[in-house]
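Q: I'd like to ask some things about the structure below.
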């Protein structure tokens, strides 16, 4: 805590926490333990598809159709794809700007500041750990079920765990599967990438088999079933037709379907292992999202045309349909394909973890052991092993049903901050220091000057420090107003209607968002454009921020509490370790010392 005693006031401390890396420095800084650049475009696409295409196709499509949307599940996937694509475009631009390991962590370090970057990195560690652990549990269950649950029955009788927040029994299969894949990833990027490509190809072939074989059993009557034809004993029947639960069900389903797109951001963690990162990473993100969207929509269409939505199995929809049709060979093919899909998902969630730790440790914000790269495999071995062990423990001991939402909240927060960072860098110069807090004395401004700067009157075409500062303020206000707007909608949804208060609040905050977005669009943009840049800025990132925050407001209170506790422990690590050993802090101190010594030498010469 000596760092705090060296400052005269809290403003200086906040300035220290918000220190940013310059984009030019981050792209050119030397790396002592250089990772091996072995990933081409095909490798990156297979990583993105493998990380994402899995539970959405084999589970979510049937679950959402059964509980929320009916045949309109395809619309839910389309809306979720739009929300993911908006964030994906922002990820693609930042990956083109900053080809570094660390994904949203590295992006936030450039766009917002050190403390936010650390919390995002800490958040991503939890997100990927829980994601890997939950997929391992699903893999265990998917193998155990066709065999008659021998593992579940044995461990329940032999090693029961009668604790509320733990699993009923230790899942040693999921524990072992994570450790094996961890050793594979630690063995070398080239080898694990080859296996990932094989698994991804099998996964895509399985999805294609489902779509092609299902085409011969489609019945368009299943998209327009009258309410009178729904059996009276059916609980999830709705009003029948294509939209049995109305548009509200479609939007609720979209929030669930969004989870099926989580994982493409793993591509953005390969900045130091891609052969041509500035070109291949943005292209791989776009291609991956296109393949994933096409696969999900095709599966959703075939699933709801083959079988009535109210008779779907929410856990294993295609296996249930094949059992009813007597297609037992296809049942086993899909089972094997689902196992391969879950394995690729596990690789996709395990792969980014040590890369994020490596990036944070290289910046001095986490312990140095995570930045060590094995000389033979050219991978962060210890970071990979520790991450795998942590995820394996979670999968074997904990009941992850309540923790699944934490994966979503972390992802959505990362997506939102990446969009914010894109806006900030688009409207500020690389050398601008206006995002940092500094003491400018008394702040006096007239109403006319405030309006003229907010709307850039007269319109300037050149980015200056003043326009950069104005743009940052507008973006921050937009973020706060977005939270208020989405919270108002969420409260109204829970009440079941819009009353005078919530209706007025939604209209007021909605108008404020439009005004702020228009105001930001009038500000001059930086001439420093990356290879790939988001179109229609600021409208695309602004819309993405609102959609992501809205989905975050749909999560329950316990999820927010658990997430806050995790961030609190991370904040302690930053305050007691990262703040002191930050490489950026040491660099800034070195620059100050060099400047001071030059000044002394100059004064001596003059004297």
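The count begins at 1 with the first shown residue.
Just so it is clear, glycine is given a Cβ too, placed from its N, Cα and C backbone atoms.
TrEMBL does not curate its annotations; it predicts them automatically.
Reproduced below are the annotations present in TrEMBL:
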- 38-60: transmembrane segment (TRANSMEM)
- 104-122: transmembrane segment (TRANSMEM)
- 172-189: transmembrane segment (TRANSMEM)
- 201-222: transmembrane segment (TRANSMEM)
- 242-262: transmembrane segment (TRANSMEM)
- 283-310: transmembrane segment (TRANSMEM)
- 330-353: transmembrane segment (TRANSMEM)
- 406-428: transmembrane segment (TRANSMEM)
- 472-492: transmembrane segment (TRANSMEM)
- 498-520: transmembrane segment (TRANSMEM)
- 532-553: transmembrane segment (TRANSMEM)
- 532-582: domain 'Cationic amino acid transporter C-terminal' (DOMAIN)
- 559-579: transmembrane segment (TRANSMEM)
Q: Same-chain Cβ contacts of the transmembrane segment (532-553) under 8 Å, 6 or more residues past its ends?
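A: Distant Cβ neighbours of the transmembrane segment (532-553) are 83, 86-87, 89-90, 92-93, 95-96, 255, 258, 278, 282-283, 408-409, 412-413, 415-416, 419-420, 422-423, 426-427, 478-479, 482-483, 485-487, 489-490, 513, 517, 520-521, 525.
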Q: With Cβ-Cβ distances below 8 Å as the criterion, list the same-chain residues six or more beyond the ends of the transmembrane segment (472-492) that contact it, or say none.
A: 416, 420, 423-424, 427-428, 434-435, 454, 498-499, 502-503, 505-506, 509-510, 512-513, 516-517, 519-520, 523, 542, 545-546, 549-550, 552-554
Q: Within the domain 'Cationic amino acid transporter C-terminal' (532-582), count helix residues (DSSP H, G, I), strand residues (E, B) and coil residues, in that order.
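A: The domain 'Cationic amino acid transporter C-terminal' (532-582) comes out at 40 helix, 0 strand, 11 coil.
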Q: Examine the transmembrane segment (283-310) against the transmembrane segment (498-520) and state whether at least 3 Cβ pairs sit under 8 A, considering only residue pairs 6 or more apart.
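A: Output no: the transmembrane segment (283-310) is apart from the transmembrane segment (498-520).
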Q: Do at least three CB pairs under 8 A connect the transmembrane segment (38-60) and the transmembrane segment (330-353), leaving out pairs fewer than 6 apart in sequence?
A: yes
Q: Could you name the stretch, out of 38-60, 172-189, 201-222, 242-262, 498-520, with the greatest number of CB pairs under 8 A to the transmembrane segment (406-428)?
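A: Looking at each of 38-60, 172-189, 201-222, 242-262, 498-520 in turn, the most contacts to the transmembrane segment (406-428) are made by 242-262.
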